[in-house]
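Asker: Checked TrEMBL, it gives:
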BINDING   B:Cys296, B:Cys356, B:Cys359  [4Fe-4S] cluster binding site
Amino acid sequence: MKNIITGRAFVYGNNIDTDQIYPGRYLELVDPEDIKKHCLEGVDEKFAKEVREGDIVVAGTNFGCGSSREHAAITLKTSGVSIVLAESFARIFYRNATNLALPLMICRDISKKVKTGDILEVHVKEGYVINKTSDVKIQGEKISDYILNIVESGGIKKLFKEKG
Amino acid sequence: MHAIEKILANKAGLDRVEAGQIVTCNIDFAEINDLYLQTVYSFWEMEGQKVFDKDKVAFVFDHYAPAPTINTAQIHKEMREFAKEQGLTHHFDINKGICHQVLPEAGLIYPGMIIVATDSHTTTHGAFGAFGTGIGATDMATVLISGKLWFRVPELINIEINGTPSKNAFAKDVILYILGKVKADGAVYKAIEFSGNYVEELGVSERMTICNMAVEMGAKTAYMKPNEGVINYVNSRTSKDYTIYETDNDYEYSEHLIFNIDGLEPQLAAPHSVDNNISIKDGIGTKIHQAFIGSCTGGRFEDIEAAWKILKGKKIHPNVRFVIIPASDEVQLSIIEKGYMRDLIKAGVTFSTPGCGPCLGTHAGIIADNEVCITSTNRNFPGRMGSSKASIYLASPATVAASALNGYITEPIV
């Protein structure tokens, strides 16, 4: 994982639940390449077509609430999303994303300070974001060492194989 | 320490734990449902060979029971093969029911245990004084290999519920009301204990409904101190030794919320969020197309009995489909033995076999564009039960049945 992540923002609201991130009707798909075709379909039907490698998802509070489906983290990761910035995250989603080495950062009020299309520069270890489009600095919370270790190791599978 | 902290400390081999601490705990039971073939794939990717304990791992086929598509049949096939090859003692195929119902029925849930499952509604088992939490596929694969999982010890919110609701209101109404106050993110990263004289008197089924919905406030786990009903239920189904942990008198909760529910009327969660709580009075008259009773929230014997009391000898509205799915084979057998199933079929109800069904929009009663569904389930997110253009109202089973009778949202008169 790069310490400074730069990408284009896609901004959504509060309580973006896992049915909006990955609708239940596609849960029977198991190939990540198929799973990525429905990313965020419940909230933005155009997202899966428009997303590019390195893009950043920004949301309000409680991102990823609802089901424990790992598909929600898989679809974002395989779509090329580099990091999700939200005002808070639901805990199962937080664990799932961490396990897949998709970094998440909690940033207060970020959904009000960023517009879709803005270019963001995320300083992951320092815990802040620069909105390059509006030239505003947004303070975030530093990711804990425990979580950072999993993400930096490339996810729990790699870490588990190395250390058991 | 809180009872939940004592459970975590015991399973981590520590004398004490405190909120915020990260601990690695031994897992007493791990359950994987049929949305999570990824667990098997992750298990192999991490070079797993044998599960940590063949008595403590089970698959439950509930979300796709019986398989509605070729893809889901393939998922079942691969999971079934894994279960056989690993020699798992317990296996719940498509004929059993929903994980959170069949595990307690099978005597696998007891006070003081840690149960992890690949399902967010694992908080249900707090009804039995267990620590239950939902995890994803890859976390589960690490459990299958190691028998352990890390947890951050959560802060506790004490939700004290006192009083007696109106006779037309049930446990589901109580939790919808509380959800409306605490909100969908009110307990993120935290645990909830439900206490108070209302909770102390509650039956097993109602306790399960309330703990089940704790996750809709973001809670990691839920807890109720086991009462006599719970102890009798557990003892009649398992001979396992267990410990009921007591919360220390000097334990300080991070929050203490007190609800007086005296005379509480039936409640709804209006579209499209679980915390969009309104009183039934503000929803009466809304036309519905489908009614549903089922799921780990509202598909138990008492839930179907509530519908039977309202519908026996009557006919549902001709413009409404009413689907009922018993939460387990045991529930289904008991409603057959009581004659409820016969009477409900005569009233116009469509029964499907035990499982999750349309609760998560996979099969057995999907709703179309611009349709309205009233349901005893747990989520009304856009697209949850089918079309993203449909509307879902969450309600108690009695309200669902009364509404099916009239074709519009109706207050049940019990």
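Easy rule for this one: first residue shown is 1, then count along the chain.
Including glycine, each Cβ sits where the backbone N, Cα and C put it.
Automated prediction, rather than curation, is the source of TrEMBL annotations.
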Asker: Neighbours of the [4Fe-4S] cluster site B:Cys296, B:Cys356, B:Cys359: Cβ within 8 Å of the Cβ centroid, same chain, sequence order.
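Answerer: Filtered neighbour residues, in order: B:Asp62, B:His63, B:Ile98, B:His121, B:Gly294, B:Ser295, B:Thr297, B:Gly299, B:Ala327, B:Gly355, B:Gly357, B:Leu360, B:Thr377, B:Asn378.
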Asker: By a simple count, how many Cβ atoms lie within 10 Å of the Cβ of B:Cys296 ([4Fe-4S] cluster binding site), its own Cβ left out?
Answerer: 26
Asker: Who sits close to B:Cys359 ([4Fe-4S] cluster binding site): which same-chain residues at least 6 apart have their Cβ under 8 Å from its Cβ?
Answerer: B:Phe292, B:Gly294, B:Ser295, B:Thr297, B:Thr375, B:Thr377, B:Asn378, B:Arg379, B:Arg384, B:Met385
Asker: Three-state secondary structure of B:Cys296 ([4Fe-4S] cluster binding site) from DSSP?
Answerer: helix
Asker: Once the chains shown are all counted, how many other Cβ atoms turn up within 10 Å of the Cβ of B:Cys356 ([4Fe-4S] cluster binding site)?
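Answerer: Within a 10 Å radius of the Cβ of B:Cys356 ([4Fe-4S] cluster binding site) lie 30 other Cβ atoms.
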